[in-house]
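Each remark here refers to the structure printed beneath this line.
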Amino acid sequence: MASSSEKTPLIPSDEKNDTKEESKSTTKPESGSGAPPSPSPTDPGLDFNAFDFSGMAGILNDPSIKELAEQIAKDPSFNQLAEQLQRSVPTGSHEGGLPNFDPQQYMQTMQQVMENPEFRTMAERLGNALVQDPQMSPFLEALGNPAASEQFAERMAQMKEDPELKPILAEIDAGGPSAMMKYWNDKDVLAKLGEAMGIAVGADQTVAAEPEEAEEGEEEESIVHQTASLGDVEGLKAALASGGNKDEEDSEGRTALHFACGYGEVRCAQVLLDAGANANAIDKNKNTPLHYAAGYGRKECVSLLLENGAAVTQQNMDNKNPIDVARLNNQLDVVKLLEKDAFL
């Protein structure tokens, strides 16, 4: 049985995560106090210290992005591309800063990578986040400066000489994406890398007061989600019997029923529905448990939800109903089942 960190359902693949679109800004945020000095006006290099990356940190820590990354790391084409880049980068660059690798082979491999649906989904969500985040506008502009790549290379060279980071970077160089995934959730390593790059840590990551109590509270509050995700029927029953909220929402507005149906844990879904869980609960993207079950082809969960009054016509933020989501994900058996119910 997978752990809860390995079993977090993705947002149905039609989601663009554009519900929090913000106006773009070209105003350069101020550097954090105590940060190294910014480049002078005559230095066109990239000022890593002038940008708040907390928004991107939130995206990268999104459970759906993490699971996409894990799936991508297992893709043979992506690993081939990563190995090719690893072989070329350590050998140095030609004049002009271009890595020494075969462009034709690179393009062929990249084309294979782009055929990976998980890669396209993650690239789209990250791209949207970059474009919509006003803090990232000056960062993206700065990346266009030739001096930025030189400054980035200098930072990387310094990191490789850091006694704490050197073995970690060496392991990532040798192991590729799979080794990188090992450190994805390591807050200490990520903080050290951020510090070495001069990237300010978001305020939510710097608050150290009473961390253990907060974490314990989170775990206790999410026990219903955890047991439902893991298919732990007895644990779920015990959690509900001890006062657990059957319709408790996580930070994305997802209830335990969303999780159970996303994973196909039909017995847990039945327990929740028997306890009176809302079959039409919506998350922040207005996805219902039926959207999740339909998108992942969980036919038994779809049938169970329909028997308990789940709405086939409920639309999410992209104006997609469960039938649309199932069709987008080529879940043809589920499409037939939903269409049959819709026309009854």
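Here the Cβ of each residue, glycine as well, is placed from N, Cα and C on the backbone.
Swiss-Prot annotations:
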BINDING   HIS225, GLU248  1,2-diacyl-3-O-(beta-D-galactosyl)-sn-glycerol binding site
COMPBIAS  13-27  compositional bias 'Basic and acidic residues'
REGION    1-50  region 'Disordered'
REPEAT    219-248  repeat 'ANK 1'
REPEAT    252-281  repeat 'ANK 2'
REPEAT    285-314  repeat 'ANK 3'
REPEAT    318-344  repeat 'ANK 4'
For the binding-site residues listed here (HIS225, GLU248), which one has the lowest count of neighbouring CB atoms within 10 Å of its own CB?
GLU248
Assigned conformation of HIS225 (1,2-diacyl-3-O-(beta-D-galactosyl)-sn-glycerol binding site) - DSSP reduced to three states:
helix
For the repeat 'ANK 4' (318-344), how many residues does DSSP put in helix, in strand and in coil?
18 helix, 0 strand, 9 coil
Three-class DSSP secondary structure - GLU248 (1,2-diacyl-3-O-(beta-D-galactosyl)-sn-glycerol binding site)
coil
Tally of DSSP helical, extended and coil residues in the repeat 'ANK 3' (285-314)
16 helix, 0 strand, 14 coil
Can you tell me the mean pLDDT for the repeat 'ANK 4' (318-344)?
88
